[in-house]
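TrEMBL annotations:
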ACT_SITE  D322  active site
BINDING   H75, H77, D169, D322  Zn(2+) 1 binding site
BINDING   H77, L78, R79, N109, N295, H326, P340, G341  substrate binding site
BINDING   D169, H196, H249  Zn(2+) 2 binding site
DOMAIN    67-253  domain 'Dihydroorotase catalytic'
Amino acid sequence: MTSVIVLRDVRPLGGDPRDLVLAQGVVAAVAPPGGGELTGVVADAAEGAASGTRRGPLVVDGRDLIALPGLVDLHTHLREPGREDAETVESGTRAAALGGYTTVFAMANTDPVADTAGVVEQVWRLGQDAGHCDVRPVGAVTRGLAGTQLAELGAMASSAAAVRVFSDDGHCVSDALLMRRALEYVKAFGGVVAQHAEEPRLTAGAQMNEGATAARLGLPGWPAVAEEAIIARDALLAGHVGSRLHICHVSTAGSVDIIRWAKAKGWQVTAEVTPHHLLLTEELVTSYDPVFKVNPPLRTKADTEALRAGLADGTIDCVATDHAPHASEDKETEWAAARPGMLGLETALSVVIQTMVATGHLDWADVAERMAFAPARIGGVTDTAPDPAGFAQVGAPATLTLLDPQASRVIDPHALASRSGNTPYRGRNLPGLIRATFLRGRPTVLDGKIV
Ligand SMILES: NC(=O)N[C@@H](CC(=O)O)C(=O)O
Ligand SMILES: [Zn+2]
Ligand SMILES: [Zn+2]
């Protein structure tokens, strides 16, 4: 493995071009581009490199590429153990690296459920073995995701997987007392409870967003209030207990208002939005193509606008993919029988560029905050720079990704690394391509391909 890498002429966070030298897992030198200065710097770095092989440095031409911190996804479904036909830790993390990610949080709704130290350690080890990116398992809040008894939160926290994020995602922790207990429990080790906000009594039988389109199609509706009622309740609980609450896949304008109110109160409430809820709307359901079936459902244009504004002003802290691969037998069926969920890892940055950067809502430093720094802070990822001040500076972790913002591609499900094909962007031309990704100085993607 090449131990010294020179990134020539890259633009950290879209700023002025720089030459970066990566060695021994960190940024070893930063210099103005093309300077003779670098020759000495590279020689020094090469000398300092741990490997005794003395191979020459790998030089990456970074002209017109933007260097971003390695992206962090707080919400990924890797499906292993249990549904390896839909995704594995290996295939899902390969998709992640190709999408610019260096850490993914693996949701607990596997089979068996990740509700014990044993299962979270297994997932964590599978991530290490695959080596494409760091895998941080999410622990279940309740045993078997059944919503009746707390899982062994402390044992998962003190396991080798060092779990900090707990979620019953796929299900809501709808029992208020259990939710309160979970919030109290995770306080002891700086954990956070990530809630899938869905009051189940209000969504029984629901097939799409409640409203005019559902009425026209004759499909049972999933009302915005089912999400908003739980967010309001849990924000109050988090404030009462003084603990950390994170809201998964926020999808309605009303939710953004409630989170803004909770933050103004000074409560420790954070939130994520998915790329698909920023771009896609309920009208797509009129096709009855189950690729557009997702939980929470695609909402209205007014909701996407409120979500974009909320992400822009920081009410919503971050973007998370909710990458939810499904085997074709579970997805390519009639609408009512299809499982909800869509792929996200390989298209997330592109959709954020289209919805947030091209529209003037975010600049590149903001993208880094919403897709790397903020999720790293929320999830307790310590080997990523926590903010722009520490990024691409000498001594900072060499965990970064190189984006070509001018390039674009037409999405072809067969060309994706995921084992499943349920991308809602099939045939769409999306902007931005990841050219390379580095995890602690080691390339995981080069020339747009897995190393
Ligand atoms: N988002 C989805 O529609 N599905 C997710 C579960 C979830 O995120 O709630 C899944 O696990 O498939
Ligand atoms: Zn969910
Ligand atoms: Zn999910």
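We count from 1, first residue shown onward.
The backbone N, Cα and C atoms fix where each Cβ goes, and this holds for glycine too.
TrEMBL annotations: computationally assigned, not manually curated.
A quick note: this is a predicted structure, and the numbers were derived from the prediction, not measured.
Shown here: features listed in TrEMBL, placed on the structure.
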residue: H75; record: Zn(2+) 1 binding site; Cβ contacts under 8 Å, 6 or more apart: F105, M107, D169, A194, C248, H249, E272, T274, A320, T321, D322, H323
residue: H77; record: Zn(2+) 1 binding site; Cβ contacts under 8 Å, 6 or more apart: E87, G92, A106, M107, N109, D322, H323, A324, P325, G341
residue: L78; record: substrate binding site; Cβ contacts under 8 Å, 6 or more apart: E87, T88, V89, G92, T93, V104, A106, M107, T110, V123, V135
residue: R79; record: substrate binding site; Cβ contacts under 8 Å, 6 or more apart: A86, E87, T88, G92, T110, P325
residue: N295; record: substrate binding site; Cβ contacts under 8 Å, 6 or more apart: G170, E198, W222, P340, G341
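There are 25 other CB atoms within 10 A of the CB of H196 (Zn(2+) 2 binding site), with all protein chains counted.
Counting only the Cα atoms, the space from H326 (substrate binding site) to H196 (Zn(2+) 2 binding site) is about 19 angstrom. Selection of the binding-site residues H75, N109, D169, H196 by a Cβ distance under 6 Å from ligand 2 yields, in sequence order, D169, H196. Residues D169, D322, taken from the recorded positions D169, D322, H326, are distinguished by a CB atom under 6 angstroms from ligand 3.
Close contacts with ligand 1, defined as a Cβ under 6 Å from any of its atoms, occur at H77, D322, P340 among the recorded positions H75, H77, D322, P340. Those residues of the chain, other than D169, H196, H249, with a C-beta within 8 angstroms of the mean position of the Zn(2+) 2 site C-beta atoms are H75, M107, S167, G170, A194, Q195, A197, E198, C248, N295, D322. Listed in sequence order, the residues T76, M107, G170, C248, H249, A320, T321, H323, A324 complete the 8 Å Cβ shell around the Zn(2+) 1 site centroid, once H75, H77, D169, D322 themselves are left out. Every protein chain shown contributes to the tally, and the Cβ of H249 (Zn(2+) 2 binding site) ends up with 25 other Cβ atoms within 10 Å.
Within 10 Å of the Cβ of N109 (substrate binding site) there are 21 other Cβ atoms, across all protein chains.
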